[in-house]
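Student: This structure is in structure tokens; I'll ask about it shortly.
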Amino acid sequence: MKTLIALSYIFCLVLGQDLPGNGNSTATLCLGHHAVPNGTLVKTITDDQIEVTNATELVQNFSMDKICNNPHRILDGANCTLIDALLGDPHCDDFQNEKWDLFVERSKAFSNCYPYDVPDYTSLRSLIASSGTLEFINEDFNWTGVTQNGGSNACKRGPDSSFFSRLNWLYKSGNTYPMLNVTMPNSDNFDKLYIWGVHHPSTAREQTNLYVQASGKVTVSTKRSQQTIIPNIGSRPWVRGLSSRISIYWTIVKPGDILVINSNGNLIAPRGYFKMHTGRSSIMRSDAPIDTCSSECITPNGSIPNDKPFQNVNKITYGACPKYVKQNTLKLATGMRNIPEKQTRGIFGAIAGFIENGWEGMVDGWYGFRHQNSEGTGQAADLKSTQAAIDQINGKLNRVIEKTNEKFHQIEKEFSGVEGRIQDLEKYVEDTKIDLWSYNAELLVALENQHTIDLTDSEMNKLFEKTRRQLRENAEDMGNGCFKIYHKCDNACIESIRNGTYDHNEYRDEALNNRFQIKGVELKSGYKDWILWISFAISCFLLCVVLLGFIMWACQKGNIRCNICI
């Protein structure tokens, strides 16, 4: 019993000791940063996954499923390909003299005129697309001795047989087809594009019926180039009731140059020229609908916002677009390292500083103070250090966007079958570029995240050191981001520490006196906890012993009977 009384006395003495921050002559001031219950994982140079309070997604991985008609001028090809619109297919007459920033070709587009081929289809398509216009100027060519404006039932304009509106099909007049020699100088100050063709009859009889000669020849020349085409007579697969074909060619005539056309048959002559423009217009294959909205960046999937530096929607883009990368997600840290707050603070509910954990619920700043003094507890943010961190983090996203956004469009790459090896090489180069950009993007984001975390940690340390320099010997660093202040420090005193007007000399004598008095009797918190738990355990043990002794004594006296049945 004496032991029990002694342990109880020790327990009471321990509880009676003044705890840091609980007495009238001391106070506790802790520094900390805000935290959230569930942070965001980001990647840094040193860590694959580190939790931060805030992060911004840098990869745009979905489109609007529609193409915006602003600020770019979009021309919907509908049922027409760009080449059909160029040649003047009857069902594409609405496209004459049209202009565009982006010509959108649809999968439903079809040709509905004389069957033709373009030996270098992709180059012509790209040339017209980049010009951004179908502006056409008619010219008076002198085709003496032949019949003009040939037509076909395979190319109807309304109920009548017709032909491509930008081409002039020449055939014999009477029973003659003389040698044609026509010149057309370019006296203007811009490039002129002439489209012409060669007719390939399906039989020798068709050849002589149209052109008299058994074999024709077409030569088109400028000072810089010459093309000579001999028709290839023979049957081909039937298309719209015809087994003959037309091959389409083009010639660019520079200012001061001259166009010369020589032919003794099979010529599909130009009616004029297309005025060439230089610009950043382009063409894209897409079935996304065109709608009234605004977006700088367009992909075949639809328009996408360009407020992120990277995108994973499509390699092919037009406009000011995010850089294409392989990653579906890259997160940029825009907050500090997140250490969720511990819900329990030990047996006495003490406050803790940033070294132990962050503080949830601190919404008015990133860094701040918590205190316990004779007037109670309180919390306030430190706006200066918060603003210093925010100022350095703000603009990170914009700087990354500036470094990575495409200023030009990434066009479709197409090659003919003859250029298969070039196509393979181009694909390899494009894939390598994407791999490099994907790696660079990941490295760039990891570096920025490392910098953000280091700088936010640095601001916390700066605030802690600033507070330490103010308090000097008037307080003791408790090792957890808190200071034990050895003098009476009311709310006004705490506020002076926060705003940097604290005068340590004013409290120096009181602090030294209290420090010596408290140190003389204070048990270190670690030993105090041990004594508390040990005394509690022994007290419980002795209580059990006393209770068991009482039961045995009662059994001996007959006051308690215990029956054991088997």
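Cβ atoms here come from the backbone N, Cα and C positions, even for glycine.
From Swiss-Prot, here are the annotated features:
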type: SIGNAL; residues: 1-16; note: signal peptide
type: TOPO_DOM; residues: 17-530; note: topological domain 'Extracellular'
type: CARBOHYD; residues: Asn24; note: N-linked glycosylation site
type: CARBOHYD; residues: Asn38; note: N-linked glycosylation site
type: CARBOHYD; residues: Asn54; note: N-linked glycosylation site
type: CARBOHYD; residues: Asn61; note: N-linked glycosylation site
type: CARBOHYD; residues: Asn79; note: N-linked glycosylation site
type: CARBOHYD; residues: Asn142; note: N-linked glycosylation site
type: CARBOHYD; residues: Asn181; note: N-linked glycosylation site
type: CARBOHYD; residues: Asn301; note: N-linked glycosylation site
type: CARBOHYD; residues: Asn499; note: N-linked glycosylation site
type: TRANSMEM; residues: 531-551; note: transmembrane segment
type: TOPO_DOM; residues: 552-566; note: topological domain 'Cytoplasmic'
type: LIPID; residues: Cys555; note: S-palmitoyl cysteine
type: LIPID; residues: Cys562; note: S-palmitoyl cysteine
type: LIPID; residues: Cys565; note: S-palmitoyl cysteine
Student: What's the number of neighbouring CB atoms sitting within 10 A of the CB on Asn142 (N-linked glycosylation site)?
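Tutor: Total other Cβ atoms inside 10 Å, all chains included: 10.
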Student: Between Asn301 (N-linked glycosylation site) and Asn499 (N-linked glycosylation site), how far is it from one CA atom to the other, in Å?
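Tutor: Asn499 (N-linked glycosylation site) has its Cα 55 Å from the Cα of Asn301 (N-linked glycosylation site).
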Student: When DSSP is mapped onto helix/strand/coil, what comes out for Asn38 (N-linked glycosylation site)?
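Tutor: Reduced to three states, the DSSP call for Asn38 (N-linked glycosylation site) is coil.
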Student: Pick from Asn54, Asn79, Asn181, Asn499: which of these glycosylation sites has the biggest number of other Cβ atoms within 10 Å of its Cβ?
Tutor: Asn54
Student: So among the glycosylation sites Asn38, Asn61, Asn301, who's got the most Cβ atoms within 10 Å?
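Tutor: Ranked by Cβ atoms within 10 Å, first place goes to Asn301.
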Student: State the Cα to Cα distance, in Å, between Asn142 (N-linked glycosylation site) and Asn181 (N-linked glycosylation site), rounded to an integer.
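Tutor: Distance between the two Cα atoms comes out at 9 Å.
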Student: Is it possible to get the count of other C-beta atoms within 10 angstroms of the C-beta of Cys555 (S-palmitoyl cysteine)?
Tutor: 12
Student: Expressed to the nearest Å, what is the distance separating Asn79 (N-linked glycosylation site) and Cys555 (S-palmitoyl cysteine) at their Cα atoms?
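Tutor: Pair distance, Cα basis, whole Å: 106 Å.
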Student: How many Å separate the Cα atoms of Cys555 (S-palmitoyl cysteine) and Asn61 (N-linked glycosylation site)?
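Tutor: If we compare the Cα positions of Cys555 (S-palmitoyl cysteine) and Asn61 (N-linked glycosylation site), the gap is 80 Å.
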Student: Given Asn181 (N-linked glycosylation site) and Asn61 (N-linked glycosylation site), what distance in Å do their CA atoms have, once rounded to a whole number?
Tutor: 58
Student: Do me a favour and check the Cα-Cα span between Asn38 (N-linked glycosylation site) and Asn54 (N-linked glycosylation site); whole Å is fine.
Tutor: 10
Student: Within the topological domain 'Extracellular' (17-530), what mean pLDDT does the predicted structure show?
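Tutor: The predicted confidence over the topological domain 'Extracellular' (17-530), as a mean pLDDT, is 87.
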Student: Using DSSP and collapsing to three states, where does Asn181 (N-linked glycosylation site) fall: helix, strand or coil?
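Tutor: Where Asn181 (N-linked glycosylation site) sits, the three-state DSSP reduction gives strand.
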